[in-house]
Amino acid sequence: MTKFLGIFIVLGIGIGIGISTKQQWITVFYGVPVWKNSSVQAFCMTPTTRLWATTNCIPDDHDYTEVPLNITEPFEAWADRNPLVAQAGSNIHLLFEQTLKPCVKLSPLCIKMNCVELKGSATSTPATSTTAGTKLPCVRNKTDSNLQSCNDTIIEKEMNDEAASNCTFAMAGYIRDQKKNYSVVWNDAEIFCKRSTSHNGTKECYMIHCNDSVIKEACDKTYWDELRLRYCAPAGYALLKCNDWDYAGFKPECSNVSVVHCTTLMNTTVTTGLLLNGSYSENRTQIWQKHGVSNDSVLILLNKHYNLTVTCKRPGNKTVLPVTIMAGLVFHSQKYNTRLRQAWCHFQGNWKGAWKEVQEEIVKLPKERYQGTNDTNKIFLQRQFGDPEAANLWFNCQGEFFYCKMDWFLNYLNNLTVDADHNHCKNNAGKGRSPGPCVQRTYVACHIRSVINDWYTISKKTYAPPREGHLQCTSTVTGMTVELNYNNQNRTNVTLSPQIETIWAAELGRYKLVEITPIGFAPTEVRRYTGGQERQKRVPFVLGFLGFLGAAGTAMGAAATALTVQSQHLLAGILQQQKNLLAAVGAQQQMLKLTIWGVKNLNARVTALEKYLADQARLNAWGCAWKQVCHTTVPWTWNNTPEWNNMTWLEWEKQIEGLEGNITKQLEQAREQEEKNLDAYQKLSDWSSFWSWFDFSKWLNILKIGFLAVIGVIGLRLLYTLYTCIARVRQGYSPLSPQIHIHPWKGQPDNAGEPEEGGRTGKSKSTH
């Protein structure tokens, strides 16, 4: 009894478990707010209507919609971990190539030239060194009694004339067997010469870049002015933005995240050392370190409260002359009536206050990010050495490349009177009117060069000489790109860095480009009905695209109930973005100016279409086309189960990321089997199968099957009979059958005790 009771208990428990644990099936959801990092090519929008802008970017729609997301997301600002920042470096370089496009090879000019230094009418009175008690010229801060106000006249008094030489050379021109003499004016910084050996000061010179394999000169001088643009995500993609107050270029968990279609307008000014005209500036100083710890690549965003600006000028006029060497080779030279004055840049605003705040922010850095001195008086700003672009403040002003030596201004910020090697000058007299390197000034001398080192590729480019007339540009200084260096003297050097990529990290570092993956999997208790199904066609509503991702921070259950609307948002956004891009490509084709960026825009459109078609193809392969919630016949065999009321789709996707391959494979196999079953069902219901019963070959097959069945039955009967016989033989002889009846003798005497003949019996005979 106890044994049977235990069996019933076990069966009861099993039935209870079976009732409480229902079978779950894989369900496909389309329209879930899930994404992954992407490196797809973004496209640009711009409000500028110049030719370059209209042939490379689509017109700005002025849509700055931003939808907050209740999630946490990692962000990284530098190019090696942020594809959007890496794209900016490549794209802005293309902008340079198209607007200041070198196209004429200058290798024939790598020959010996006879050069004579240009002499002008300007005087060359040596400048006197600044001594204690002498007022420093040209400083805006009127609160300091030792400083005076500034104007252009005061600055230009300390600017020397441009050092240049008139060079002549002979080479074959139109007539190849005869040489012709040509004359070209070079800046002294662009040639190297032997010592003068003649009485008239003629020197043998060569181009300083003669050893370079490819040197080209710009075809035309293109006027360069400010171009602002914004990056936009292609259809099917989005931009996430980190809005955390303490974001410093790297944060594993940014909690204040929003989704946008495009970035804010960014500037395309390329500089070394200082950030000009940046789009991101606040009333505070921020220090960004690469990957959160590096001191080799540091971005300092300056406080906009100090109104930091820089005004650069190139005074005077200039005449540009074309020198035709041969057919198809025209070199633009310049002719001086007198030697021109140097260009210069004047730094305005409260730079001392801004630099003091930078020093204070540096010492506040955590110990794992900064191990230098905590004494702000021992933190100094200095410049680098090496290439001219690294050793100087390098930037482009109205199409001309300025190289400005920062020593005077750095001395002013550091309150020192030293040279670039931190040595005090015994005699601070310079050449000509310019003072020596150990003075403090709020302005610096600049040179304009035609041969520059390319900032994106390892090459050099030669551009046309500076344009005629007066050059001037004013820029807002929004940051600095630096390196933090420590030494044994308990001193921290903040060294201006030529890393151009840091500029784009400052502009785009708060954004990340993501690909929307709207297909999700989760277990439900609903199994697909495998009968005939009608395909439902749905027409999307024209709704906001960013609203689709707005549900990223909500629970899975709440998001799943709105999948129809979310998928419509997604499709409507894709269609609208495609329409905008198609209009841009059409405009570019009309102008016959499908530039490199135009091709990128076209590629972005094709990528979006491919992505949408790929998603639909996957859904169709599982039998889920045009469905927002698609139940399947595939059982859910894994232990993972979602918390529909507490878990977001992003969190759930991270749990099952490794299972997606198995899930999709099983869905494809189930769909294939379902198609086979449906095909067999359709064949049974087909009228053409009725006539197949009159096929003679089919009847032969039926007879064959029947004959084999009869043979099988007979064989089984024989085996059974044989088995029965063998079983009886093994049991031995059987006893007499109890059915045989023995009749007794009626008059048998009692012969007990008398011996009888054994076993003899007989019938009695009657006697009369």
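Positions of Cβ are set from backbone N, Cα and C atoms, glycine also.
Annotation comment: Swiss-Prot describes Cys44-Cys57 (among others) as disulfide bond.
What Swiss-Prot records for Cys103-Cys219 (among others) is disulfide bond, and it gives similarity to another entry as the kind of evidence.
The disulfide bond annotation in Swiss-Prot covers Cys110-Cys210 (among others) and rests on similarity to another entry.
When secondary structure is read from DSSP and collapsed to three states, Cys115 (disulfide bond) falls in the strand class. Swiss-Prot lists Cys115-Cys167 (among others) with the feature disulfide bond, giving similarity to another entry as the kind of evidence.
According to Swiss-Prot, the feature region 'V2' maps to 167-210.
Positions annotated as disulfide bond by Swiss-Prot: Cys232-Cys262 (among others). Mapped onto three states, the DSSP output places Cys232 (disulfide bond) in strand.
In the structure as shown, the Cβ atom of Cys242 (disulfide bond) sits within 10 Å of 22 other Cβ atoms. Summarising the annotation, Swiss-Prot assigns disulfide bond to Cys242-Cys254 (among others) and lists similarity to another entry as the type of evidence.
Per Swiss-Prot, the feature disulfide bond maps to Cys312-Cys345 (among others). If you take the C-beta of Cys345 (disulfide bond) and look for same-chain residues 6 or more apart in sequence within under 8 angstroms, you find Val310, Thr311, Cys312, Lys313, Leu393, Phe402, Cys404, Tyr443, Val444, Cys446.
What Swiss-Prot lists as region 'V3' is 312-344.
Sequence-distant contacts (6 or more apart, same chain, Cβ under 8 Å) of Cys397 (disulfide bond) comprise Cys312, Arg314, Leu471, Gln472, Cys473. The disulfide bond annotation in Swiss-Prot covers Cys397-Cys473 (among others).
For Cys446 (disulfide bond), the number of other Cβ atoms no farther than 10 Å from its own Cβ, over all displayed protein chains, is 25. Look at Swiss-Prot and you will find Cys404-Cys446 (among others) tagged as disulfide bond.
Within the model, the region 'V5' (489-496) carries an average pLDDT of 86. Under the heading region 'V5', Swiss-Prot lists 489-496.
Outside the coiled coil (650-687), and at least 6 residues removed from its termini, the chain residues within Cβ reach (under 8 Å) are 26, 28, 32-35, 71, 517, 520-522, 530, 532, 552, 556, 618, 621-623, 632-634, 638, 640, 642. Feature annotation from Swiss-Prot assigns coiled coil to 650-687; the stated evidence is sequence analysis.
Sequence annotations record features per position, and here Swiss-Prot assigns motif 'YXXL motif' to 733-736.
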Packing count at Cys167 (disulfide bond) (other Cβ atoms within 10 Å of its Cβ):
25
So, in DSSP terms, is Cys57 (disulfide bond) helix, strand, or coil?
coil
Determine, from DSSP, whether Cys473 (disulfide bond) sits in helix, strand or coil.
strand
I'd like the Cβ neighbour count for Cys473 (disulfide bond), meaning other Cβ atoms within 10 Å of its Cβ, all protein chains included.
22
Cα distance, Cys44 (disulfide bond) to Cys262 (disulfide bond), nearest Å?
9
DSSP on the region 'V5' (489-496): how many residues come out helix, how many strand, how many coil?
0 helix, 5 strand, 3 coil
Of the disulfide-bonded residues Cys44, Cys232, Cys242, Cys254, which one has its Cα closest to the Cα of Cys167 (disulfide bond)?
Cys44
Of the disulfide-bonded residues Cys115, Cys232, Cys254, which one sits closest to Cys57 (disulfide bond) when you measure Cα to Cα?
Cys232
